[in-house]
Amino acid sequence: MKQWSAKTCITFKERTNEKAFIYFFIGGSCFSEVGRTGDKQYISIAPHCWNAGDVAHEIAHALGFYHEQSRPDRDEYVTINWDNIVESEKVNFAKYGPSRIDSLGVDYDYNSLMHFEETAFSKNGQPTIIPKQAGVTIGQRDGPSALDIKQMNLLYKCNGSCKDNNYNCRSWARRGECHRNPRYMRVYCKKSCRVCNAQGSCMDRNRYCRHWAARGYCYANPGYMRPNCKRSCGICYG
């Protein structure tokens, strides 16, 4: 949950009596419905998915994200080897039209948390998805990519939002909690901790930033990318 709330305006709270809510349970596989159902919404987290990236992947489904390789434009970026896919799993490789998937103008992202790996659901160990761009890796589960963050912010109209999510944030910030307890404060007290950059100061300093971010350099080379490619790395909102 923190992987999403740290870089977007989305927050999570424990359910009391809300009709619409997410229910996590330990199932035999990892799955989630896509988008808000308006009722009890199940997310299954099997033991082999007990890592932050896999859980963030399933949460993204509940928030409205489809798999990256299901985008309408996917054939421009990947080749699907249908003969190598387990028959019962071919539904996971379906391509949807723009009436179902609106990418909000965000480029196709090989580094997306929502992208399958090259041998996903392979019946013979051979690739099921082959990127058309040489040298890229797909299927990472470290966390949301820069473009994932950008797309989530666009979807929920987070851009420019800078707010506190607890009445006590201002008082805590004065007492120095932004430094003593940054894991909580930088997520839930963004305004008081002054970690929200103004839109005008959120920019890329190199014309190749967008290209590098799509190739995963925000994670591979954060020492350069975070200060010089803020917009492309999606770190302008905390």
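Even glycines carry a Cβ here, placed using N, Cα and C.
Under the three-state DSSP scheme, Glu58 (active site) falls in the helix class. Cβ neighbour count for Glu58 (active site): 21 (other Cβ atoms within 10 Å of its Cβ, all protein chains included). Residues or ranges marked as active site by TrEMBL: Glu58.
Among the features that TrEMBL reports, Zn(2+) binding site is placed at His57, His61, His67. Around the Cβ of His67 (Zn(2+) binding site), the number of neighbouring Cβ atoms within 10 Å comes to 21.
What TrEMBL lists as disulfide bond is Cys162-Cys196 (among others).
The feature disulfide bond is assigned by TrEMBL to Cys202-Cys236 (among others).
According to TrEMBL, the domain 'Peptidase M12A' annotation covers 1-159.
Helix, strand and coil counts from DSSP across the domain 'ShKT' (162-196) read 21 helix, 2 strand, 12 coil. Summarising the annotation, TrEMBL assigns domain 'ShKT' to 162-196 (among others).
Feature annotation from TrEMBL assigns domain 'ShKT' to 202-236 (among others). Residues in the domain 'ShKT' (202-236) partition by DSSP class (helix H, G, I; strand E, B; coil) as 21 helix, 2 strand, 12 coil.
Each of the binding-site residues His57, His61 was scored by how many other Cβ atoms lie within 10 Å of its Cβ, and the smallest score goes to His61. Neighbouring residues of the recorded Zn(2+) site, listed in sequence order and excluding His57, His61, His67, comprise Ser32, Val34, Glu58, Ala60, Phe65, Tyr66, Leu113, Met114 (Cβ within 8 Å of the Cβ centroid). Restricting the average to the domain 'ShKT' (202-236) gives a pLDDT of 76. Cβ atoms under 8 Å from those of the domain 'ShKT' (202-236) belong to residues 7, 107, 109-111, 135-137, 140, 142-150, 153 of the same chain, restricted to positions at least 6 beyond its ends. Rounded to a whole value, the Cα-Cα separation of Glu58 (active site) and His67 (Zn(2+) binding site) is 10 Å.
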